[in-house]
């Protein structure tokens with residue numbers, strides 16, 4: 001397109017924005033119009049004109065200079081863009097605002113050359129135009145915008161303007177440099193002081209000297225411009241903290257001269273080609289420190305924010321706008337990848353297993369986190385490193401927070417299951433080698449929990465110290481609880497064993513009490529106590545403390561004395577004492593020293609034996625009613641078993657330490673009255689005086705009855721038939737006796753009967769035979785009574801019928817009335833109380 005042809009809708013003189021879908025690849029787009037409005041559709045233009053996914057692979061070039069000095073022409077010739085240029089005949093402003101175009105190719109000395117990176121060129125409205133007159137506000141803002149957003153700022157001046165102040169735009173540049181120093185100075189100072197900082201961003205001021213005749217060497221012109229710029233920089237009003245910053249900290253200078261475009265067209269074209277050659281060469285003009293280090297989509301946002309800050313005159317540090325761009329883009333990436341992660345998280349952890357393979361869970365955690373961070377890195381790593389790392393940490397925290405929800409559930413289940421298993425294994429020890437094996441179990445449980453927590457803690461991302469500390473505390477509490485239970489079991493078993501052994505000894509001693517009975521019982525009791533203490537020798541093998549061991553021995557002593565007390569009152573009661581008195585009385589009263597039954601011949605012998613037996617029986621009553629030793633001293637325990645405080649502390653109901661037991665205190669309260677009653681009696685008191693009086697009364701009643709019974713038997717023995725009477729009967733009945741003996745039938749019957757009795761006796765069947773005989777006799781008597789009852793019923797019809805039955809005169813064919821009467825008569829045959837009628841009895845006898 002020639003300079004004389006109109007640009008139609010793509011003309012840079014148009015103040016309205018051009019839609020992206022109507023722009024050709026060579027056309028430009030207006031970034032900022034003359035009304036200072038920023039075009040938000042720049043990114044769409046770049047995406048259509050530049051190669052896809054250029055990322056950081058781009059450069060921004062801007063041009064600055066007076067109006068109608070050929071800025072647009074230079075850009076079009078050098079970068080092959082299509083910016084509107086001035087009409088030779090009108091000499092008026094053509095570029096309004098700021099325009100942007102993508103350079104398809106570069107003009108070089110060898111024709112057209114392509115740069116390795118995409119080049120975007122900004123054509124800035126010229127300064128000192130008659131259209132704006134003295135209004136330099138837009139000029140300053142446009143210059144500052146170009147300086148802030150570009151890598152290379154082309155200062156387009158004529159050779160005749162070198163050395164001038166206003167003509168070379170030195171006044172405008174001074175204002176721009178002051179604002180630039182104010183805005184960029186703080187970050188530049190920080191990066192300069194921070195030796196580790198990689199931020200050393202600069203802007204290349206490429207001074208293009210136009211219409212160079214050649215009389216003055218370019219080096220001299222460059223020296224003049226350099227001196228003027230540095231002098232101007234030194235004259236800037238710098239804040240105190242920024243005075244040490246030099247011109248070189250912000251800018252690099254480079255120079256290139258071009259001949260007159262019209263008078264020397266070939267030389268002009270050759271000069272443009274030489275400049276293009278430098279642009280093609282890597283790291284010649286486009287050096288890494290000039291790049292803004294943000295991707296192209298971030299640069300568009302950065303440019304928009306820069307213009308917003310410049311337009312509103314907000315005194316902010318513009319490099320933070322780069323950070324804002326990075327923050328905005330990185331936040332977008334974070335939201336995207338975290339949303340994908342959340343969806344996958346819901347699918348994987350919709351249902352959480354109670355006992356999973358924690359190593360697999362930990363690997364799944366790591367894979368999920370690595371995947372989401374890799375997705376973030378692929379997109380966000382091209383932005384500002386500090387922001388990228390900051391947002392990466394934010395994403396890391398979000399992922400950790402989400403995964404920690406699952407971690408907390410797994411950790412809770414792990415601790416609960418581990419505690420349950422540990423408690424079960426601990427109980428299964430049943431006290432065997434408890435100290436060593438419980439230590440081994442606790443170490444094993446802690447090691448396993450620590451290992452599993454490390455698997456799912458994302459390499460320490462989730463704190464496990466508190467969980468491990470709590471688990472260790474719970475293990476210690478369970479161990480202490482089981483130690484207490486095992487300790488109480490040992491004490492309880494020892495008390496039970498003592499009680500069983502002591503019970504047998506006491507029963508043996510109390511069967512035949514003597515003055516030494518309680519001495520022997522107490523001695524054996526102490527021996528059983530010593531057996532327990534010597535067996536454990538101050539330690540129970542449970543790894544318990546010395547205080548706990550002492551408390552266990554004290555509990556054993558208390559409970560053993562309490563068991564002793566309970567045994568005394570179990571084995572010695574009113575009924576048992578009365579029974580023993582009766583037994584001892586019977587042993588003396590009914591049997592002699594050889595154990596044979598006594599047969600008393602007279603009352604005197606009976607009375608003497610009765611007195612001796614009674615004295616023998618009552619002799620043990622003092623021994624059984626109070627626990628006294630042979631020295632007449634009562635048995636007193638080493639510990640007061642009747643004190644309420646000790647009974648609550650050492651009682652059997654407290655043997656398990658009240659762990660998770662309800663109602664323990666209420667049970668103790670219910671037994672308070674009983675404890676009061678026990679405390680009133682004392683240990684040695686077994687049977688009080690009231691009970692003793694009851695025993696004596698019952699005993700006297702029983703022995704008096706036995707005395708009277710025995711005395712009656714003596715009287716019967718005295719009044720019985722004399723023995724000589726039997727001799728007289730034998731002599732007088734001798735003939736009859738011999739007649740029976742001589743009769744073969746009776747003699748044989750007697751022999752058979754005697755032999756049968758002998759056989760039954762030898763086979764121990766005599767008693768069963770007598771029982772059978774007795775039942776047979778009873779049955780015969782019952783049948784006889786029944787027959788007699790039938791005869792004695794007071795009814796002549798029934799009597800006649802019964803008599804006919806007895807004589808066999810009842811005929812088969814009988815009248816229906818007689819049959820009915822017989823049915824009625826059967827009701828009277830049922831057993832019922834009936835008085836015997838003497839008249840009917842006489843009738844029966846007469847018949």
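Every residue, even glycine, has its Cβ placed from backbone N, Cα and C.
Checking the ranges 661-681, 682-702, 745-765, 766-786 against Swiss-Prot, the transmembrane segment annotation falls on 745-765. Swiss-Prot tags one of the stretches 721-741, 805-825, 826-846 as transmembrane segment, and that stretch is 721-741. Cβ atoms within 8 Å of the centroid of the Cβ atoms of 65, 66, 67, 68, 69, 70, 71, 72 (the GTP site) belong to the same-chain residues 126, 156, site residues excluded. Through the fold, the transmembrane segment (721-741) approaches residues 747, 750 of its own chain, all at least 6 residues removed from its boundaries and within a Cβ separation under 8 Å. Mean pLDDT for the domain 'GB1/RHD3-type G' (55-290) in the predicted structure: 81. Across the binding-site residues listed here (66, 67, 68, 69, 72), the residue whose Cβ sits among the most other Cβ atoms within 10 Å is 72.
Sequence-distant contacts of residue 70 (GTP binding site), defined as residues of its own chain at least six apart whose C-beta falls under 8 angstroms from its C-beta, comprise 156, 210, 261.
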